[in-house]
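Annotated features, as they stand in Swiss-Prot:
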- ASP229: active site, proton donor (ACT_SITE)
- ASN252: active site (ACT_SITE)
- CYS231-CYS248: disulfide bond (DISULFID)
- CYS379-CYS385: disulfide bond (DISULFID)
- CYS409-CYS423: disulfide bond (DISULFID)
- ASN100: N-linked glycosylation site (CARBOHYD)
- ASN120: N-linked glycosylation site (CARBOHYD)
- ASN150: N-linked glycosylation site (CARBOHYD)
- ASN173: N-linked glycosylation site (CARBOHYD)
- ASN185: N-linked glycosylation site (CARBOHYD)
- ASN245: N-linked glycosylation site (CARBOHYD)
- ASN344: N-linked glycosylation site (CARBOHYD)
- ASN362: N-linked glycosylation site (CARBOHYD)
- ASN400: N-linked glycosylation site (CARBOHYD)
- 1-20: signal peptide (SIGNAL)
Amino acid sequence: MRFSIISLVSLPLFLGLTYAGGVEKDERNNVCTVKANGKQKDDMPNLFKAFKECGNGGTIIFPEDQSYWIGTRLNPLLNDVTVQWRGKWTFSDNLDYRRNNSFPVAFQNHRVGFIISGHNVTIDGNGNTWYTAEKGVTQSGRPMPFVFWNVSEVNVENFYVKDPPLWSLNIMNGTNMRFNNIYCNATSVDAPYGYNWVQNTDGFGSFSAVNTMDAVNIQLTNFVYQGGDDCITIKPRSYNIDIQNVTCVGGNGIAVGSLGQYLEDSSVENVRVDKVKIIRYNEDMHNSAYIKTWVGALVPQSSYESAGLPCGGGWGNVRNILFSNFEVQGANAGPSVNQDSGNNGSYSGSSLMTVSNIVFANFTGYTSGGTSVTSKVSCSEVHPCYNIEFDDVLLYPGKNASNLGTGSCKYTANGGVHGLEGC
């Protein structure tokens, strides 16, 4: 799937045309302009028509003065298309329909409400309905509002996702993609202070960052996230990921992982994350930058994300990862590695993932974890991690602390960790 994005000034302008909700097609130029129905009437039939008629070598326009109501699911197949997406999309608040009719995703038992690609996008996921209904206990069926699935040569700019029910912006099988000026906000208006009702609302990610998975050659610049889970997650089989200028407000920081949850290669290689601000919000900011892999055996799980099935035992390499220039304001923890996800107490140090050539460089600020230990490295007895570098990681264990924090390490190769006091 190839996309050619051009600026608004070069698009034909349909000034003076009036619509009662529908699709206006310029046959000569293969351009479809979609007008919203209004009054919370489902706009999906018109969207489907536009994607069908102009989704192959054409242009689809969603004017900026339009508000679209997304009542049903959609997965158009597009080719060589330009999407000028200025209007606002709001997903319906029909929770029963969404739980039972979204597209299933095998990874962590999730679902997707809408799969497409576009440019200049504002999506309102109507997530507060979900946050209030579940009150911090995620249930199966919450849909991701937006997924790039099986795409290549994609450029996305000025993209805003408001109140996503689940992961905000995801890549599943994507190659050569560039994202710039992306904003994701998941804020519960009903949650009591100090309570996180917006868990699993990850920002950007490679699911296959923002979630990424099966993603190659991905660039993300100028990204802002406010929410209650991973700001950016880089998941299995993500390669050549470059991320710069990020602000994470609340949640769980920048994650590589989780990896190894399933019996498959879960490698991640060649990642740079640079110039990041980590800001505590609503007493919620768990990590700053971390790598997490599952234990090396199938372990019974009870959470909905595992669909009640045992998980773990995946393999692969996590290597050539650089986290640099982080300003940490009150996260519970500094940079860390944890290879014991999914452990029930009997499988510590059993991960089959090999972690190596990791650099945490130029971290400043303070943590709020209530301990002098600001960084932990817990790897694998099966494949002890090595070449883990802490270079100018200067974090204080509290806003008013006078001494720098220390670290702790286990299941690492002899001399495998450098620059972390206590290891």
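Note that Cβ sites are derived from N, Cα and C of the backbone, with glycine treated the same way.
Locations of recorded Swiss-Prot features on the structure.
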{"residue": "ASN173", "record": "N-linked glycosylation site", "DSSP (3 states)": "strand"}
{"residue": "ASN185", "record": "N-linked glycosylation site", "DSSP (3 states)": "strand"}
{"residue": "ASP229", "record": "active site, proton donor", "DSSP (3 states)": "coil"}
{"residue": "ASN245", "record": "N-linked glycosylation site", "DSSP (3 states)": "strand"}
{"residue": "ASN344", "record": "N-linked glycosylation site", "DSSP (3 states)": "coil"}
{"residue": "ASN362", "record": "N-linked glycosylation site", "DSSP (3 states)": "strand"}
{"residue": "CYS379", "record": "disulfide bond", "DSSP (3 states)": "coil"}
{"residue": "CYS423", "record": "disulfide bond", "DSSP (3 states)": "coil"}
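Counting other Cβ atoms within 10 Å of each Cβ, the recorded positions ASN173, ASN185, ASN252, ASN400 show the lowest value at ASN400. ASN362 (N-linked glycosylation site) has a Cβ environment of 16 other Cβ atoms inside 10 Å. Taking the C-alpha positions, the distance from CYS385 (disulfide bond) to CYS409 (disulfide bond) comes to 10 Å.
ASN150 (N-linked glycosylation site) carries a strand DSSP state (E or B). Its Cβ taken as reference, CYS385 (disulfide bond) is surrounded by 28 other Cβ atoms within 10 Å in the chains shown.
In terms of Cα distance, none of the disulfide-bonded residues chosen from CYS379, CYS409, CYS423 sits within 10 Å of CYS231 (disulfide bond). Least packed by the Cβ count within 10 Å, out of the disulfide-bonded residues CYS231, CYS379, CYS409, is CYS409. Taking only the Cα positions, the spacing between ASN362 (N-linked glycosylation site) and CYS423 (disulfide bond) is 18 angstrom.
Among the recorded positions ASN185, CYS379, ASN400, CYS423, no residue is found with its Cα located within 10 Å of the Cα of ASN150 (N-linked glycosylation site). A separation of roughly 30 Å, to the nearest angstrom, links the Cα atoms of ASN400 (N-linked glycosylation site) and ASN185 (N-linked glycosylation site). All chains included, 16 other C-beta atoms sit within 10 angstroms of the C-beta of ASN245 (N-linked glycosylation site). Comparing Cα positions, ASN344 (N-linked glycosylation site) lies closest to CYS423 out of the recorded positions ASN185, ASN245, CYS423. If you take the Cα of CYS409 (disulfide bond) and the Cα of ASN245 (N-linked glycosylation site), they are about 30 angstrom apart, rounded to a whole number. Candidate recorded positions: ASN173, ASN185, ASP229, ASN245, CYS423. Nearest to ASN252 (active site) by Cα distance: ASP229. Contacts of CYS423 (disulfide bond) defined by a Cβ separation under 8 A and a same-chain sequence distance of 6+ are given as VAL377, GLY407, SER408, CYS409, THR412, VAL417, in order along the sequence.
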